[in-house]
Amino acid sequence: MKHNKRRISKIVDELVVYLFNMGATDININLKEKKDYYKIVLTSNYTVKDQEKIEKMIKYLKCGKQEEMEEYYWELAGDCDVDTELTLVGMMIDKAEIHTSEDTIKLVLYRYK
Amino acid sequence: MNISKSIDAEKKKENTIKVIMLVVFGFSLVIFGFLVDTPKVIIQGLYTILTEPDTLITDYIGVGGIGAAFVNSGILTLIFIYILCKLKINFNGVTIAALFLIAGFSFFGKNLLNVWFIIIGVYLYSKVQKEKFSKYIYMALFGTAMAPFVTEIMFSTTLPFFIRVALGTFVGIGIGFILPPLSTYLVRVHQGFNLYNIGFTGGMIGTIIFSVFKSYGFLANPRMIWTTGNNKILGIYLHVIFLSMIGIGFYLNNKSFKNLKNIMKYSGRLVTDFVMLEGFPLTLINMGINGIVATNYILLVHGDLNGPTIGGIFTVAGFGAFGKHIKNITPIFLGVFIGALTKIWNINDPAILLAALFGTALAPIAGEFGWQYGVIAAFIHSSVVLNVGVLHGGLNLYNNGFAAGLVAAILVPIIEAFRKDEM
């Protein structure tokens, strides 16, 4: 697959932009390349107490893996700050976990090789 | 919370329903074709359609008759449904949009002969990249917009027969081969605010190839085959199809229009797949509504229902699964309408009718920034689209997609600079 590393960084870009829009001021990113997959972990605070945004995030990330969509549109991820491309992120990952507490959100995404 | 990505039995069942619906749609085109014309007329019409150039605007209803045009569209749609099933593609919003685009443009430019060269080019690209062809299938489907290059070279040049065929084949496959990397790259230029990205890409490729051709004295012959007088029969078919979509969607949505307003909340910017986000029943209702609106726009402005306008109407309906809804397309119609009041053409001139229908590629601008920006975008688009066709000699069928890409690329950064909303 061409530009695989750039695609991973695009996923991170998109998530960071979304977290900023949730009022994040402290974002930690941990990216690991394992033998069979990439693991992206983002831990962030959020000040915008907007449950709708979290629900939207879950809904968008639920979109099934779509290699053919990724191949066509992956360049759009992380490129726009007036709209979200989280649906595309959902299509680019295989598994996701979302943990939220009062003021912290933790995202764990897996993308198999 | 863990987000599962497994395809459960329910989703498989829904996918089967989607495929059945699209097959029924494909057959409806073929059956309608045989209802209005005899088999003999249809076969003769198909032969004429396949062996004539397809430069914009070539109305297949004028070339081969209503029956042949519908049969060409129906068979091509059914073949592509079969290919998608063989490739085990999960049918989503973009799949439906691509198939409706194929069905629509099979009324004025795509036919059973000329589309395969582009498809083969994309297939060869996937093999060179050592990837599955299925990964590039949408680029291949949308990329068939460039098919007129093949027929123009094969049937319109004065070169010896074998050279014409060889050159047409080479150019068609070559365009398909370079389409995937370019379409992925160029989508960033308009940030997904132009829904017809391949139209923009095709316009760029077409401009360069046509410029080279012109240097060797090759000039595409402009065509203007535009039929009139079929509004009643075609209007009935379109209304039956779109009302059926609304009815079936209503039935599948537990006999209700519940949550339909959720679709209107999306800007429609790429990638907004309504099937994935809101489900197939609501998407079907939305597609039907879009189709009804587009059809009645043409009838209200006293335009003609024919091959090209049916192509536009199918495109508006098809993209009802992938970004368009009544809230973001209405400002586009309004913008083109206002343009026609102040500019030097009439609202029901052929090119302006197509500008209104295909200009809905810019619907995400209205959806994201507000209806007034959609009106402005459409107002500008209706002028731009009349000037860019000459760049590729009318050989890129998605000429409106090309123009919309240019408009979005110029307009979006300006709008964003002065009006930045939180997502």
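Every residue gets a Cβ built from N, Cα and C, even glycine.
Pulled from TrEMBL, these are the features on record:
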TRANSMEM  B:16-36  transmembrane segment
TRANSMEM  B:57-84  transmembrane segment
TRANSMEM  B:96-124  transmembrane segment
TRANSMEM  B:136-155  transmembrane segment
TRANSMEM  B:161-182  transmembrane segment
TRANSMEM  B:194-213  transmembrane segment
TRANSMEM  B:233-253  transmembrane segment
TRANSMEM  B:274-299  transmembrane segment
TRANSMEM  B:305-322  transmembrane segment
TRANSMEM  B:329-345  transmembrane segment
TRANSMEM  B:374-395  transmembrane segment
TRANSMEM  B:401-418  transmembrane segment
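The transmembrane segment (B:401-418) shares the most Cβ pairs under 8 Å with B:374-395, out of the stretches B:96-124, B:136-155, B:305-322, B:374-395. A Cβ distance under 8 Å defines the sequence-distant neighbours of the transmembrane segment (B:194-213), meaning residues of its chain 6+ beyond its ends; these are 139, 142-143, 145-146, 149, 171, 175, 178-179, 182-183, 186-187, 219-220, 268, 270, 319, 322-324, 358, 360-364, 388, 391-393, 395-409. Counting residues 6+ beyond its ends, the transmembrane segment (B:161-182) has Cβ neighbours under 8 Å at 114, 117-126, 136, 139-140, 143, 146-147, 149-155, 198, 201-202, 204-205, 209 in the same chain. Only pairs six or more apart in sequence are counted, and the transmembrane segment (B:96-124) with the transmembrane segment (B:329-345) gives fewer than three Cβ pairs under 8 Å, not enough to call it a contact. Note on the transmembrane segment (B:233-253): residues 17, 21, 25, 28, 32, 36, 66, 259, 279-289, 291-292, 295, 299, 305-306, 310, 313, 317 of its chain, located 6 or more positions outside it, place their CB under 8 angstroms from a CB of the stretch.
Within its own chain, the transmembrane segment (B:329-345) has Cβ neighbours under 8 Å at 290, 293-294, 297, 301, 316, 351-352, 355-356, 359-360, 362-363, 366, 371-379, 381-383, counting only residues six or more beyond its boundaries.
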